[in-house]
Amino acid sequence: MPLGGGNKCGRCSKTVYFAEEVLCDGRSFHRSCFLCMVCGKNLDSTTVAVHMDEVYCKACYGKKYGPKGYGYGQGAGTLSMDKGESLGIKPEEPGPHRPTTNPNPSKLAQKFGGSDKCPRCGKSVYAAEKVMGAGSAWHKSGCFTCATCGKSLESTTLADKDGEIYCKACYGKNFGPKGFGYGLGAGALAHTQ
């Protein structure tokens, strides 16, 4: 503490006496000088944000130095059009859009840039309607059915052959073993003439 009074104020550089002193970031301020650099709101220990030698309220600090872009609003469900021009922030201009000309995109690009094609109907399969079977993505309703009888399938009740899917009964009839003892069910014998 210098002679003749207290410390010097971080805002006005005048002497700060003990009764009017507010300490922040190792510096002293007059209560009346402890204000946001942008909007002039009174600050306290719960509302102050310090950047370099400047003090801000949390809202102005966030606008000036916080993250920018979608999702960084001022509360849940809000969208602010304030880009911070009043704070000296110059908005960035986006560069021109240049689509890729890569004929063989990576797996990551395929996963996020486009969608899988259903082997049955050939249309795009999106995550909400997607079910995996026989190494491919299928539409859950309409396409993920037995190729022979049309029965709706689940990943645990299907059998596949040559990229097509079948229920286990149709698969057994069409592609299962043939001959004596391989009838229609367990223990069934087929009568042949």
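Cβ coordinates come from backbone N, Cα and C, glycine included.
What TrEMBL records for this protein:
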type	residues	note
COMPBIAS	83-96	compositional bias 'Basic and acidic residues'
DOMAIN	7-67	domain 'LIM zinc-binding'
DOMAIN	116-177	domain 'LIM zinc-binding'
REGION	83-106	region 'Disordered'
I'd like the per-state residue tally for the domain 'LIM zinc-binding' (116-177) from DSSP, helix first, then strand, then coil. 11 helix, 22 strand, 29 coil
Secondary structure tally of the domain 'LIM zinc-binding' (7-67) (DSSP, helix then strand then coil): 14 helix, 23 strand, 24 coil
What average pLDDT is reported by the model for the domain 'LIM zinc-binding' (116-177)? 85
